[in-house]
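Structure first, then comments.
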């Protein structure tokens, strides 16, 4: 016979399936057993509680002896049988017998059996003797508590599957609680009372702690600066110090950490924006140097994000003025922390406009420009102005302008004028004009293959192909695309600025923002589309005639109108005589005090109205303005009168025939009417500039300018006088 080989049989799928079913059944049994055991315990306790309450409330005391003596026959027989078994009454004294009777009559709550389960309706049942009833109550045996079983994996043998169980160990929770209480009591006894420090000792201790924290911050910052890629994890350790919990040095340490982190990010941040990696890039194998750089970039972006969130939370805590659970910092200290946080945000806004989360910083800074605190508002406005001045491309400026425009509109134009005055710092000198760019800067088109085949030989086509390739490379090197992008960004930015200005002119004409709007329109008027010129001039004249504007605001209106007309408005057939009349009429309203308010705007208006538009200005108008300006120079302070005499000299050089004002003889008919507000009809040719003689003797500095007008010196004298 051949010996059978003992081969290990691989279990079939059915057996495996059967085993898995047994496991599931055991789990289900364990779960059901636990539920049943807990339900049993709960029902048992509830049953005992209800029974005790019923017995205590509704059960009546049963007298030991029937006072009325009315007993049924069967009850008498039972009592006689029990009396035979009990002690005879003859053996008891009369006093004891009388005491027993009295106790039976005065049965109270003490004689009730609370452990019995007799129902409330006792009258319906036959009364039984107390002793007999007590004997019938089942005795409660002290049984061991039912142990919980845990079903384990079954064992399989020849006979079949054998289930396995194990008792669940019982943990004595009461003993553990007692031990824990004893340990706590021992710790309380061991601790010695803390000695109270004097003020001097407290200050010395605080100085020592602060010095240790400073050294720790300096060590971390130096390590990060020395090797940012290797020590990027220390940024997290340094940022964790923003949550300093020591109340003695918490405020100072947090301020130091905020400033240190701000300077660190300015130094170690790369000059490009870090984008998140794609799934394909993460799965590809890379060199160790590249992997180290990626880890550095990811750590830097994450820590920078958390740092900005911490700064935002500090500003919010100060705004809400709510104490946190850990009263480490007082409400007064919140303001100092918020100021340092805002200053850091402003620095990052200006220093890192190319890096990640720049738009988030803009969203934080713009509402603070309108803050109640003057310090924070000025800080944010100065940061935005600095950003506008240094932004050459225009990407960051566009983001700020969008947020400011939306904020002003959302607040219904009730914001600080300083917010709109920041627009004056925009570096916008040219915008994209579709007609001009299509005519002048037409993109060069390369020849197609069919055109080359028709007109060029084989060798010429080869040279043409190389030439076109070289031109493409040169175009990329010259960054012509960036120039086009810059024009597009500037155009979009200016459109948003003008939309904001026009909304305020239309809806909030009495707003304190109007001077800033008019000043901005005066600066960017040469870039406004020609289609808006007529409507804008009508609005400006309406504002002037309304009389609601201050003198300086009306001067801004005049300046804006002539800026519009001096640029693209030359092609329009518009007569600005009403603006000339308004300026001539209001010249004597100029402030004559030490502030010299409006003098600069008046000189700018006169330059653009008379000098730059010399061909559209009549001689009568020029004479009237020169005469009135000389009269005005007698009323203002010396520094203002120098500027007025300088512009007078320029006008007399621009209009040579006005030198007749230096003669005493009158020209033509009529009498000079100085009180008339129309410069064309005041007969200024019939007067003389006698004010120059008075100005020579009033102030020595004025004497340097007045003779220059009379003698006709070159313009170098004018520049010399302006410097003095």
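Even glycines carry a Cβ here, placed using N, Cα and C.
Automatic prediction, not curation, is the source of TrEMBL annotations.
Sequence annotations record features per position, and here TrEMBL assigns coiled coil to 449-487. Taken from TrEMBL, the feature compositional bias 'Basic residues' applies to 40-51. Annotation source TrEMBL lists compositional bias 'Basic and acidic residues' at 52-78, 712-724. What TrEMBL records for 79-93 is compositional bias 'Acidic residues'. The feature domain 'Nucleolar complex-associated protein 3 N-terminal' is assigned by TrEMBL to 213-307. Annotation comment: TrEMBL describes 554-698 as domain 'CCAAT-binding factor'. According to TrEMBL, the feature region 'Disordered' maps to 27-93, 703-724.
On the 0 to 100 pLDDT scale, the domain 'CCAAT-binding factor' (554-698) averages 83 in this prediction.
Here the domain 'CCAAT-binding factor' (554-698) is broken down by DSSP into helix, strand and coil counts: 96 helix, 0 strand, 49 coil. Note: the domain 'Nucleolar complex-associated protein 3 N-terminal' (213-307) comprises 68 helix, 0 strand, 27 coil (DSSP; helix = H, G, I, strand = E, B).
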